[in-house]
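If you look up TrEMBL, you'll see ARG36, GLY61, ASP134, LEU135, GLU161 marked as S-adenosyl-L-methionine binding site.
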Amino acid sequence: RFAVSVGYWKDPYIQYFVRQAKERKAPEINRGYYARVHGVSYLITAFLKKTGCNCQIVNLGAGMDTLFWRLKDENLLPRKYFEVDFPMIVARKIHNIKSKPPLSKPIMESHSGDSLLIDSHSLDSSRYSIVGADLRFSSDLEEKLKKHNLDIHLPTLLVAECVLVYMTPQQSADLLKWAASTFPVAMFINYEQVNMTDRFGQIMIENLQRRQCNLAGVEVCRSLDSQRERLLLNGWETARAIDMMKVYSFLPQADVKRIEGLEFLDEKELFEQLMQHYCICWASKDSSNL
């Protein structure tokens, strides 16, 4: 929300989910968010255009993400958009949606058919669903998604941003395996840490541990190769991984110039190190040659 308020990118919906930050965030963090949002959006938009929006998106560990609303504004809604998170998070999000017309109105506008289902831990409309579930148990996850009309025959994009790293390697492997074996045509986008065995990575881990934040899956974040291997070993046909410094260099240069003028950044080296410790990986499985 802070990065949006400074003008890094436009998101008119984030204000309804997240209170304004009291303190300024560091410029390198804001630039990192900018690259993450643009990098992930680039892949999502490419998938939507390839499928002509005749697809579904499953956002895993979606938290307070606003992508559904932004896609609706751009006329890029898939046939159905699903979000999954812990029931407690889902309850908070549903409360915000119910009490804020700028959030509830787009859901009503895109809805057709029977009445909208909404209770404390799930929301289901014809185009948007939020499901309370634990991603560590894929059978429970599948059952809940199917109850909300998940169609396994539709091309499916699964997105996980800083989610798998909080599970054990076995739990994330099970989730990836489930996704690869469930959908004949699918793509998986994963954004998380990488190169975590060097000194900078170790400091990141220690800082998080001090905040009681344990990265149970950090051993898979050793390198771009280990990130790619995980996807290939769990049933995905192709997999790519690039660090965020590389992503940053691919972004439209005129826009990068604009955002670099928003805040002065003298810690160029710190920014580069930070960006080399996050990556975007994407994998696909494609029986119909999309």
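Cβ atoms here come from the backbone N, Cα and C positions, even for glycine.
A TrEMBL annotation is a machine prediction, not a hand-curated record.
Features as recorded by TrEMBL, highlighted on the structure.
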{"residue": "ARG36", "record": "S-adenosyl-L-methionine binding site", "Cβ within 10 Å": "20"}
{"residue": "GLY61", "record": "S-adenosyl-L-methionine binding site", "Cβ within 10 Å": "19"}
{"residue": "ASP134", "record": "S-adenosyl-L-methionine binding site", "Cβ within 10 Å": "14"}
{"residue": "LEU135", "record": "S-adenosyl-L-methionine binding site", "Cβ within 10 Å": "22"}
{"residue": "GLU161", "record": "S-adenosyl-L-methionine binding site", "Cβ within 10 Å": "19"}
